[in-house]
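Pulled from Swiss-Prot, these are the features on record:
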- 12, 96, 198: [4Fe-4S] cluster binding site (BINDING)
- 41, 74, 124, 168, 226, 227, 228, 270: (2E)-4-hydroxy-3-methylbut-2-enyl diphosphate binding site (BINDING)
- 41, 74, 124, 226, 227, 228, 270: isopentenyl diphosphate binding site (BINDING)
- 41, 74, 124, 226, 227, 228, 270: dimethylallyl diphosphate binding site (BINDING)
- 126: active site, proton donor (ACT_SITE)
C-alpha cells in the first residue's frame, strides 16, 4: 500500500489564530479561561486546551462574573456580544476574520433594510452567529437556505432588493448550484463578487479532488462536527472513491484497505498535523510504504492576534 498526502491539508490561518488566542490567554492571564463553544471543531485540540485550563461552555450564563471569555472561531451573534458587554466580561474574539467579513456584509444589508439570504447549514454555530448579525427592526429580514429546494420554496417580500451571503465552510460545488438557483429565481439579487467560501476551504476541496483521483481509499482526518471535514469526505465519495472521516489513528479499520493499493490522506482545516502523522504510522505498521506529498497550492496567509495578547506575551 502506498500513502498519498493531499496538499494543502489541516490547519488554516483562522484556526491557527483561534487556538493561539486561547493558548496565549492561558499563558498571560492563567487558567481558567472560558471559551464560548469549542474554539475549533476538533476533539484533540479541545481536549488539549481543556487540559491546560480552558473551560468550554455553550452559553454565557454558564460563565461566572469577572473572568476572561473567548469567542470561538465560528463567531457569535450581536446578542451574545451585547450580553457579554452588559455583564462587563473581558472578551477576546477568536472569530475567523473571513467569518467577520461575512458578518460585516450582513450588518450592512440589515442597516439598509435589504433582505438577505444566507446559504448555510441550519444549526451550525457559524450560521447562528451570522444570522444574528441581522437586525430586522430596519424593515428587512434574513433567510436561511441549504439547497435548491429551499430556494424554490423561499418567499421574500421584495425580490428586486435582495442580497446573499454564504457560510465559509460549504462545498463549493453545492454552493455554486444554490447560487445559480438564486440568480435564476431572483435575477436582481446582489451578493459578493465571489462567494464567501474561504480560501482554505476552496484549497482543501481542490486538493481532495486531486487526491481522490489518485487513491483507492481516502481518509479525512477531522471530527464529526467539523463542517469542512465532512465536505471533504463527501467530495471524495462523489469522485467515486470510498472515504472515511476519522478523528485519528484509533478510528482506523484494517478491513477498509483490503483492496486498496493507494491510500489518500487529507485533513480538515481544524485538524492538527500530529493526527495525520499518527494515521501514517498506523498504516505503516500495517504494511503501507512511503508518504508522497502531492503538488498543491501554497498557503502563506496569517491573521494578527488581539493587541493585548501580542504585547503582553512579549513581557
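A Cβ is built for glycine as well, from the same backbone N, Cα and C atoms used for every other residue.
Restricting the recorded positions 12, 126, 198 to those with a CA within 10 Å of the CA of residue 168 ((2E)-4-hydroxy-3-methylbut-2-enyl diphosphate binding site) leaves 126, 198, listed by sequence position.
In sequence order, the recorded positions near residue 12 ([4Fe-4S] cluster binding site) (Cα within 10 Å of its Cα) are 270, drawn from 41, 74, 126, 227, 270. Ranking the recorded positions 96, 126, 198 by the distance of their Cα atoms from the Cα of residue 226 ((2E)-4-hydroxy-3-methylbut-2-enyl diphosphate binding site) places 126 first. In three-state terms derived from DSSP, residue 74 ((2E)-4-hydroxy-3-methylbut-2-enyl diphosphate binding site) belongs to neither a helical nor a strand segment and is classed as coil.
Put simply, of the binding-site residues 74, 96, 198, 228, 270, the one whose Cα is nearest the Cα of the residue listed as 'active site, proton donor' is 74. Shown in sequence order, 222, 223, 225, 226, 227, 229, 270 are the residues of the chain, 6+ apart in sequence, with a C-beta less than 8 angstroms from the C-beta of residue 41 ((2E)-4-hydroxy-3-methylbut-2-enyl diphosphate binding site). Remark: residue 96 ([4Fe-4S] cluster binding site) has 14, 15, 17, 18, 73, 74, 75, 168, 198, 303 as non-local neighbours, by Cβ distance under 8 Å and separation of at least 6 in sequence. Sequence-ordered, the extra residues of this chain that approach the dimethylallyl diphosphate site, with Cβ no more than 8 Å from the Cβ center of 41, 74, 124, 226, 227, 228, 270, are 40, 126, 169, 225, 229, 268, 269. Candidate binding-site residues: 74, 124. Fewest other C-beta atoms within 10 angstroms, 124. Long-range neighbours of residue 228 ((2E)-4-hydroxy-3-methylbut-2-enyl diphosphate binding site) (same chain, six or more residues apart, CB within less than 8 Å of its CB): 169, 200, 201, 204, 222, 268, 269, 270. Of the chain residues outside the [4Fe-4S] cluster site list 12, 96, 198, 13, 14, 15, 73, 97, 98, 99, 168, 169, 199, 200, 201, 269 have their Cβ within 8 Å of the site's Cβ mean position. In this entry, (2E)-4-hydroxy-3-methylbut-2-enyl diphosphate is bound by 41, 74, 124, 168, 226, 227, 228, 270, whose most widely separated C-alpha atoms sit 15 angstrom apart. Annotation note: the residue listed as 'active site, proton donor' sits in a helical segment as assigned by DSSP. Mapped onto three states, the DSSP output places residue 96 ([4Fe-4S] cluster binding site) in coil.
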